[in-house]
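According to TrEMBL, the transmembrane segment annotation covers B:20-45, B:57-76, B:83-103, B:123-141, B:148-165, B:171-187, B:194-209, B:281-302, B:314-335, B:347-366.
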């Protein structure tokens, strides 16, 4: 055994120990990895399994088609139309700006559009599609599909868009839809879907929840970039319900064709308050709101003095003039301050203190009882009755007729109007003088009443029931309350008093000397009962009067408004109508003939039978929910 | 030279067929099994298709197998003789890659050689082991105790480590140092010297940290708290842990891994191939693969212990440690135990460079086994 061999043995021994140490250490570390795997896969396995499922699964909402709005004959007023649109999913592109840049070469985007898209991309979660452009033409759609490889994140899909077949004719009733704003977000996940619309005005807004339906959902398997791999589960949503209205679209269109700017016509089924037509001029096209209203269009609408966006039938405020006299008469009868037979002498004016209140008929009507006073619209008679009964009792009676109180009409923003009381005046820090009561006895003064409330008043006069004006007949095929006359409570006014007033209104139209004889209905349609009204918009001074002032020489905007309310037929009334012609000068000449035309048309179109007005139940719809395209 | 030739004649079986008989075929089968696991995993990573990963993996492995067996037949003394030539070539390649390399992921790592890309840092580790083994071969206990004797091998380790660090590739640089350390340790360098180095590192480490690239620092900070940046640097670790954990005990089944197939798992065909396997085959599969890899490493140590010359012993230990470090760093990385380092799992993950270099290493290991009884003179002959 040489020294060299011993040396080798020693080195070998050291190596052996150290190699074993190294090997054992390495196996130990591999053992640690095994332990680690056990911890992850067994001890914490369930937690990670949940996380993996969360990664993999993605729920997507399905937008149900919005319910339609139909007229009483089942004609579609607000429907849905297919809408090809380009969507952008920010998550699926590395550079939103570059994608939009490429897209601009295919379909030109304005700077404003790009700014909107980029704003929405920032605001929404990255996997929520943002609408780039709606209402694509076939050609545009094909060009996008063709260039798909160069447009990461862009996809084309088909959605639905709202279409209003009758355009401006029913705009004030149906309203319109628009993309939801922040304040519309009521927690309904449906509102997060791209391209979804919510009702912004009118029926669309009032019945938005019923029309909207409930979102369906699909559970999808998605990969890391959000691409859909397959559909795992699908829960269909609830389609929006159809809302059938009481209006007749054809009648509405026809009436709108008859009227001029500033005129409102409200035609109601007097027995149950169903609105058959509610026409004003001018109006607007609700389809414009769908794709966004341009700044120029908005300026045009808001700057227009004729206020096309405002429904004058529900929001125009007018003094009722002589159409209010029935309320004063009934208030007098109820308060027993006047009897039907009592004659009041009209010398053409009435003096109160040192003020003189004129009758519209300067020579005076002589001695008139209540029926005659209504028939010839004698102002002095009603000055006298008002003086006796007092403003508060007049106002109370007016409220029972739906004047100056909120009505149940389904149009958001409808104004209740105003019937003044002493208290109201005093709240303004002004005293209520007896002269004020006298003026208010003929429907002039502080009143602010809508054509809708005047039609309501007329319907209540005709039926003696507290009918409420409404537009909805059925939702999703189920009739709503108020279709039957018996649904409405009695006003509690003695039939004797009501009959007196109705007969006086009949005399207005049908008797010699009535103010609206010009508006008689053709005999075969039965008799109409009505009342004219003419309300000053400017005070006429005594000097002007004495100089032989003539109203038709005034500038148009100074001329009085012309009003007329009527119901027909006299026996078993069906229709109640109110007409307001702004600056129409004379209720007899401008408003009453228009009311007659409207009623004739209503009889012809609606053909009322003994069971009421006919209406057609709309048949069941229509398109299925579009499938999700992977 | 005369002396050597005489020894050669005394050697048991020197013909090619004799040598083939000596090749450890069980080990070759073991490697085939590991590569087979890789084929299965890559078949799944390719979405249930041999395209684009698994097929190429098999071809590459076949090529590597031929190369490995060829190297196994090369005489161990020839290898020892040209150890430093190989080392010099490795450094040369590192210089080349620094000058002309392809930049990938912010680092110069690749060099194009015809159709394949080569990562010289991988090859360098093998060459370093060979060079160090030859340096310590026949060195006496006294000599190893001499600090001056240790200076050349220390430089031999530091030069490539520094060059790899500059690429920059922190992970591989550290692994190079560890391999060097393992050979030093096995060769019998005194333990107190290791203690000294560890102490020095503790002092120098903070200074090095200051000079790290931002992305390297990010790796360390996201390692400490990956959930802090779930969409950025920590995403990979979190998704990998979700994939592993959701695999559970039995796994989701072959081709059923949701994390992998829905691309939540990043780089599933390379660095995260083990995650893919463990998601689909569960703890059972994961531990089986781990066991298989442990056998490969253990075989290296077995060769070392059975070798009758120090060169073969050190070579085997160094090469086994090299493969161990791949396995450990990769699996520790995908289980979120150490920072993500971009270290593949050779023979299983997709990518030729690591596989080919590892198989060159195994060829050398097998040569050490075949020639375990060779009488080897010292390169620096003491006589």
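Quick reminder: no glycine exception, Cβ is built from N, Cα and C everywhere.
The stretches the transmembrane segment (B:281-302) and the transmembrane segment (B:83-103) are not in mutual contact, being linked by fewer than three Cβ pairs under 8 Å (pairs 6 or more apart in sequence). Nonlocal intrachain contacts for the transmembrane segment (B:347-366), taken as residues 6+ away from its ends with a CB within less than 8 angstroms of a stretch CB, comprise 23-24, 27, 31, 34-35, 37-38, 41-42, 45, 53, 56-57, 60-61, 63-65, 67-72, 74, 79, 110, 116-119, 122-123, 125-126, 129-130, 269-271, 273-274, 277, 289, 300, 303, 315-316, 319-320, 322-323, 326, 330. Below 8 angstroms of C-beta separation, residues 121-122, 124-125, 128-129, 132-133, 136, 139, 144, 150, 153, 156-157, 160-162, 164-165, 194, 197, 304, 310, 313-314, 317-318, 321-322, 325-326, 329, 341-343 of the same chain, each at least six residues beyond the ends of the transmembrane segment (B:171-187), sit close to that stretch. Tertiary proximity for the transmembrane segment (B:123-141) is limited to same-chain residues at least six positions away from its ends with a CB under 8 Å from its CB atoms, namely 79-80, 83-84, 86-87, 89-91, 93-94, 149, 152-153, 156-157, 160, 164, 172, 175-176, 179-180, 183-184, 187-188, 309-315, 318-319, 322, 357, 360-361, 364, 376-380, 382.
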